[in-house]
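The block underneath contains the structure these notes are about, expressed in structure tokens.
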């Protein structure tokens, strides 16, 4: 078995709401393997974005973090800010959902791409700028030389996201975290950006953690999938297994919300809403919306072991 | 750029004309008679009549205004009713003093207000932030003359660091030394404004997505604040500096009187007391023009700070 690049154990993230600590992420564990794309899927508000941010400890001080994130033998969560600065952008990089607002409007594209190289590789600005030009070629931006001197507002949305990717890849990180990188883009551009990420992953052998709510994206790029619901990791499986044999009632329901072209298919929305974090139910957090819920669900089930892991009593009975 | 400046200067002509009309009418509607004010209560009726006749005060207001405009079109602001000196000359004599005072005040405003605003934003809602916010509120509410008197009492009389009467004479060093106290007292209000603006601008900017991006790149705290955040926060700060320049010229009147410095402010008060219509008109035209220029410079600064702004 391959050694994981990063191991997340029992990660919990709490925020203080009206003087009470509420767990937005409820003790989740998963591995990131070398050269794979791991997709974390879930509805809005299920805690996937803050999970992604916590992998680099980017959350604000108001968040209370628990558990352990091991990367290269060290626990990210107990690192000092100085040590984290050394890892961020150099060994773990992140790209964000909104390419419009994620780039600094008053700095040139060239400077923004060159910055991590200067910070981490000790390059001079002129060397870093030359390297930035190569990175623009890598993310397939034409007229790289001219683009370097431009500002973000002079680029289209798709271009900006490519620039974000170039920034992320600048120091050849081992892990690239992509938080809904295509949500803000047109469908055609989405496909291009996803294909680009996949190509780069294969070329450079890095691992990608892709946060998304879009199962279409998952089907396209994922090697493994982790499904999150209301701060819990409810199912994790290799992508083929998840689509052919979804085991958690939430995953099953989620798959029914995706339109399919190949057969007459009725779209079934999931009834109800994700509860707000200060009103999380005891026991299984999905139980109130689950069609298969029964008495046992008043106690939270554990995630089953194995590559296709499920957190559901029903599954335990079936096995 | 040159096209932009020309266009902007031309577009200010209607504004300046409006200012001219208002100033011209207001001076003449206000009570008081220049002939009496200048020649004194004991002047004979003949002398008063002769003076009014010579100054054209007996003509209708429209004729007077027409004369003023035609002078202006020839680039002249007329001559002082009191001294007979060309208005332009007497204004240009004192303008540098007011300008150096205003620039000094802005200088203090920036070097004190900007760092304090940043500190306040970084320690948001901490005791330092509360303390600085109260101090800046005091700075805003203190009348300029009171600040000036307190500074004189404290720094000039008690500690004898600066002169009480800061006449701007001597070499450049002396001149700067003499400027410090008046500029500081005029700058207090600027410090407060810039601090408050810098604080709120920094708080806005620090919450932006691109700051998170910069953190994700591993940019250390100092670089995050001074390079990524401050560049963006400068935009509203430039606005405040430009906007309050006019206020500074107004406040400079009191500062100049208290420190007994020559300047536009003192000249305005003097001409007002003497009902020197021509000098007053000239002063207003030049002050209004000054503010137009400052606004223009502010716009040019925007383009320097923010690449999204295009000067057209």
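Just so you know, glycine gets a Cβ as well, placed from its N, Cα and C.
Residues annotated as domain 'ABC transmembrane type-1' in TrEMBL: B:95-302.
As annotated by TrEMBL, transmembrane segment applies to B:12-30 (among others).
Among the features that TrEMBL reports, transmembrane segment is placed at B:101-123 (among others). With a threshold of 8 Å between CB atoms, the same-chain residues lying at least 6 positions outside the transmembrane segment (B:101-123) that come near it are 129, 132-133, 136, 179-180, 182-184, 186-187, 190-203, 206, 225, 230, 237, 241, 245, 248-249, 252, 255-256, 261, 263.
Taken from TrEMBL, the feature transmembrane segment applies to B:130-156 (among others).
What TrEMBL records for B:176-195 (among others) is transmembrane segment. Away from its own ends, the transmembrane segment (B:176-195) comes close to residues 100-102, 104-110, 112-114, 116-117, 120, 132, 136-140, 142, 144, 147-148, 151-152, 155-156, 162-163, 166-170, 237, 240-241, 244, 247-248, 251-252, 255-256, 258-259, 261 of its chain (Cβ-Cβ under 8 Å, at least six residues beyond either end).
Annotation source TrEMBL lists transmembrane segment at B:233-259 (among others). Distant neighbours of the transmembrane segment (B:233-259): 97-98, 101-102, 105-106, 109-110, 114, 143-145, 148-149, 152, 165-166, 181-182, 185-186, 189-190, 193-194, 197-198, 200-202, 204-205, 265-266, 268-269, 287, 290-291, 294-295, 297-298, 301-302, 305-306; these residues of the same chain sit at least 6 beyond its ends, with a Cβ under 8 Å from one of its Cβ atoms.
Below 8 angstroms of C-beta separation, residues 5, 8-9, 12, 15-16, 19-20, 23-24, 27, 68, 72, 77-78, 80-82, 87-88, 90-91, 95, 231, 234-235, 238-239, 241-243, 245-246, 249, 264, 267-268, 271-272, 311 of the same chain, each at least six residues beyond the ends of the transmembrane segment (B:279-305), sit close to that stretch. Positions annotated as transmembrane segment by TrEMBL: B:279-305 (among others).
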